[in-house]
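**Student:** There's a structure below that I have some questions on.
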Amino acid sequence: MLTLLKLLKDGRFHSGQALGEALGISRSAVWKQLQLLEAELGLSIHKVRGRGYQLATPLTLLDPVEVRAHSPACDWPVHVFDSIDSTNAEALRAIDRGQAAPFLVLAERQTAGRGRRGRKWVSPFAENIYYSLVLRIEGGMRQLEGLSLVVGLAVMHALREQGVAGVGLKWPNDLLVGQKKIAGILLELVGDPADVCHVVLGVGINVNMQMADEVDQQWTSMRLEAGRMFDRNQLAAGLSVTLESYLARHRVSGFSTIHAEWEQNHLWQGRAVSLIAGVNQIDGVVMGIDSQGALRLKVDGVEKVFSGGELSLRLRNDS
Ligand code: ATP
């Protein structure tokens with residue numbers, strides 16, 4: 001099915017006969033595969049008698065050679081999947097198989113893309129970036145301090161460099177434009193954080209997506225913000241370059257040197273919020289983060305510090 005898609009991706013008309021010949025299948029088999037492309041990948045295909053078939057929108061697919069060519073300083077292998085359950089899940093399996101880190105997993109779509117606490121990350125085919133970079137970390141907890149926040153800053157810069165203004169951060173792991181989510185981050189760790197471990201830096205960015213009924217909160221995409229389409233190979237490469245530079249800073253000097261920059265870009269700095277922890281809710285005002293990336297909230301006039309993967313922030317109406 002994807003071989004057929006690769007023939008169609010130029011956005012031109014192709015006759016059923018030519019497609020059948022190229023694939024070594026009958027015209028009716030071509031027709032069946034076209035139906036599958038529409039049903040499974042949500043693609044729209046024009047069918048015009050006498051001319052053939054044409055993708056409604058031309059596609060640029062991910063290409064590891066291009067990603068590497070645009071990020072020559074990032075010397076890590078790039079693995080691209082047409083379809084995978086989750087790039088983070090695949091990265092964890094690869095660690096398990098003994099694949100040497102660093103390496104990068106990208107996918108055209110995720111069938112079980114995930115956010116925190118088993119939430120779903122909506123991941124349609126060939127529209128967005130689903131990116132998991134695996135690092136091997138030796139020598140302790142300091143290397144992990146504030147790491148997901150550092151990844152957030154790198155993603156923010158990668159988006160701004162592509163011309164998407166107004167992207168900012170929301171503690172702990174979201175990127176927003178205004179109130180709308182444009183990207184999310186999910187770090188997963190295996191091994192012993194005090195000794196040797198592997199960390200998967202998972203990033204989902206809404207790039208060219210224009211419709212996604214299944215996303216149950218406000219969202220946007222680079223295309224919706226900038227009014228044009230983006231080349232995902234260049235974006236993935238740009239992200240690798242900014243990530244590499246932030247990770248190097250973090251490795252050398254720790255999170256404390258990045259802390260102020262993170263706060264400057266925190267959209268909810270000084271805002272009245274509710275912090276949700278399971279069934280509990282704590283109301284307060286965001287003061288910032290501490291030197292390890294934990295959230296500082298003023299609660300009833302007193303500063304309190306919160307950290308952990310189970311916490312969610314919501315703006316209060318009086319904010
Ligand atoms: P929190 O607000 O607690 O940080 P979250 O709601 O942002 O948590 P995450 O685990 O970061 O949760 O992301 C998963 C959530 O993001 C989903 O429950 C859904 O509401 C939303 N979501 C899913 N897919 C997308 C997408 N492609 N773009 C934007 N938002 C999405």
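Along the chain as shown, residues are numbered 1 onward.
Quick reminder: no glycine exception, Cβ is built from N, Cα and C everywhere.
Just lifted these from TrEMBL, have a look:
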- 16-35: DNA-binding region (DNA_BIND)
- S86, T87, N88, Q110, R114, G115, R116, K181: biotin binding site (BINDING)
- 65-251: domain 'BPL/LPL catalytic' (DOMAIN)
**Student:** Taking ligand 1 as the reference, state which of the binding-site residues N88, G115, R116, K181 have a Cβ closer than 6 Å to one of its atoms.
**Tutor:** G115, R116, K181
**Student:** Under the DSSP assignment, what numbers of helix, strand and coil residues are found in the DNA-binding region (16-35)?
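**Tutor:** Going by DSSP assignments, the DNA-binding region (16-35) contains 17 helix, 0 strand, 3 coil.
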**Student:** Can you tell me how spread out the biotin site is, meaning the largest CA to CA distance among S86, T87, N88, Q110, R114, G115, R116, K181, in Å?
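**Tutor:** Taking every pair of listed residues, the largest Cα separation comes to 20 Å.
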**Student:** Could you pull the average pLDDT for the DNA-binding region (16-35)?
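**Tutor:** Averaged over the DNA-binding region (16-35), the predicted model reaches a pLDDT of 93.
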**Student:** Across all the protein chains here, work out how many other Cβ atoms are within 10 Å of the Cβ of G115 (biotin binding site).
**Tutor:** 17
**Student:** Which residues, sitting 6 or more apart from T87 (biotin binding site) on the same chain, put a CB under 8 Å from its CB?
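**Tutor:** The answer is F81, V105, L106, A107, Q110, G113, Y130, Y131, S132, G202.
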**Student:** So if I measure Cβ to Cβ from N88 (biotin binding site) and keep only same-chain residues at least 6 apart in sequence, which ones fall under 8 Å?
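**Tutor:** In sequence order, the residues whose Cβ lies under 8 Å from that of N88 (biotin binding site) (at least 6 apart) are R114, S132, L186, E188, V200, G202.
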**Student:** Which of these binding-site residues has the least crowded Cβ, counting other Cβ atoms within 10 Å: R114, R116, K181?
**Tutor:** R116
**Student:** If H, G and I count as helix, E and B as strand, and all else as coil, what does DSSP give for S86 (biotin binding site)?
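**Tutor:** S86 (biotin binding site) sits in coil per DSSP, no helix or strand.
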